[in-house]
Structure formats: structure tokens, C-alpha cells
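According to TrEMBL:
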{"type": "DOMAIN", "residues": "6-208", "note": "domain 'Phosphoribosyltransferase'"}
{"type": "BINDING", "residues": "Arg79, Arg104, Asp131, Pro132, Met133, Leu134, Ala135, Thr136, Gly137, Gly138, Ser139, Asp200", "note": "5-phospho-alpha-D-ribose 1-diphosphate binding site"}
{"type": "BINDING", "residues": "Ile194, Gly199, Asp200, Ala201", "note": "uracil binding site"}
Amino acid sequence: MSNAVVIDHPLIQHKLALLRDKDTGPKEFRELANEIATLMAYEVTRDLPLKEVEIETPIKKAKFKMIEGKKLGIVPILRAGLGMLDGVLKLIPTARVGHVGLYRDPETLEAVEYYCKMPTDVSERDLIVVDPMLATGGSASAAISFVKEKDPRSIKLMCLVSAQVGIDRVKKDHPDVEIYTAAIDEKLNDHAYIVPGLGDAGDRLYGTR
Ligand code: PRP
Ligand code: URA
């Protein structure tokens, strides 16, 4: 039982395979990460509430459905989460954006927090926390705890590549958070990298090491 929603539309699988390719450079990597995020956001927002509206077409007035002005917030986990932000905003351009800064200590593999800035009305907002990689789950779990201190209405987590152990960690620490991922890979290696994964997402996005 994965405990996560796997969004594996053929277009997503295709783009994710290209993203994983070690020969994909930062420019294409950034484009692909955002394209996949856009496609995933379509599914992650599937439960947005609708309201009935009256619209006059060139033929007649009739009742139709529109989104009920639900307040959303997108929260990239710095820094690699930024690589998905524009893709999500493309689909939800009116969403506010919060930022949560964390890095994974290479020695302890524990997440270290350094920044958290949420939209002013966060308590009225449903948040989508985004990060390409869910490995041990330490970063996502710490980021969600950090964000919860600001008292948002709800939180969803959206990742590109996950390991089952990371999904289990987040679900154990935050059973209320729904997790969406494009893939669940085999395992983690000794450095807690996802196998086969795609390597270090932040470094591949920004051409750093
Ligand atoms: C990566 C990734 C996640 C985290 C996942 O970030 O973007 O935030 O590792 O690993 P975990 O599930 O084991 O915590 P990293 O710490 O490399 O920082 P960066 O985004 O600044 O590159
Ligand atoms: N962080 C990454 O960027 N990649 C992994 O495989 C694991 C953690």
C-alpha cells in the first residue's frame, strides 16, 4: 500500500523519463520539471469545489459551473521546489506563494530549516507544498511541520519522484497530508539518494554541485 496518489499519465511518464536522463542539461531539466508540475497540478486540484453561475451564451442564458474562489497557496521547499513553482502557477495563476527553506545535512541526513514566509492570510488557504524529491521524507516532514506552525487550512504534498520510505515517514508524521507523486522508485542508496531516481534535483536544476 503506497499511501500516495501516483499520477502516472503517459505524458508525465514520458517527460519524467527524459528528466531522469543523466544527459538532460539544466535548461531542459527546468522545462521538463515545470511541464510535469503543470500536468500534476491538474490532478492535484481535481477536488476544487465548484459553484453554479449563470452565463449568457450567444444562444441563451444557462447555469454552468465555475471554481468557487477557493484560496490556494503554493509552497516550494527551497531550493529544488522552485523548479516546480512556475509549472503549478501556470495552471493556478492567482495562487499566492509561500516559501520554506530547508537543506539536508549531508552528515546527519536530517533537514535543517532556515526560512519560512507564508501568505498573510495563510489560515484561510489550502496549501500545496512542492518538492521534486521525497527520499527519506525528512525534508518534507520538517517543512510541513514548519508550515503547520502558520496554521494553514490544509496541506497537500506534491513530488515528482518518491521512495516508499519517504511516503511512510510523511504519512506517519502528518496523516492529514495527502501525497501526490509521479513515481515511486525502488529504494534509497547508502547516501539516501533515490534509486534509480534522477540524481540531485537542485544541482540538476541549477547546474551546481
Ligand atoms: C533535496 C530535495 C528534497 C530533499 C529530499 O533537497 O529537493 O528537499 O533533498 O530528501 P529527504 O526526503 O531525504 O529529506 P536538498 O536537501 O538537496 O536541498 P536543495 O533543494 O537546496 O538542493
Ligand atoms: N535529494 C535529491 O535531490 N535527490 C535524491 O535522490 C534524494 C534527495
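Note that Cβ sites are derived from N, Cα and C of the backbone, with glycine treated the same way.
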For the uracil site built from Ile194, Gly199, Asp200, Ala201, further residues of that chain with CB within 8 A of the site's CB center:
Pro132, Met133, Val161, Tyr193, Gly197, Leu198, Gly202, Asp203, Arg204
Highest Cβ count within 10 Å among the binding-site residues Asp131, Asp200: which residue is it?
Asp131
Whole-number answer please: how many Å between the C-alpha atoms of Ser139 (5-phospho-alpha-D-ribose 1-diphosphate binding site) and Ile194 (uracil binding site)?
14
Near ligand 1, which of the binding-site residues Arg79, Ile194, Gly199 have CB less than 6 Å from any of its atoms?
Arg79
Give the subset of the binding-site residues Met133, Ala135, Ser139, Ile194, Asp200, Ala201 lying near ligand 2, defined as CB under 6 A from any of its atoms.
Met133, Ala135, Ile194, Asp200, Ala201
How many Å separate the Cα atoms of Asp131 (5-phospho-alpha-D-ribose 1-diphosphate binding site) and Gly199 (uracil binding site)?
14
Compare the C-alpha of Ala201 (uracil binding site) with the C-alpha of each of the binding-site residues Arg79, Met133, Ala135, Gly137, and give the closest one.
Met133
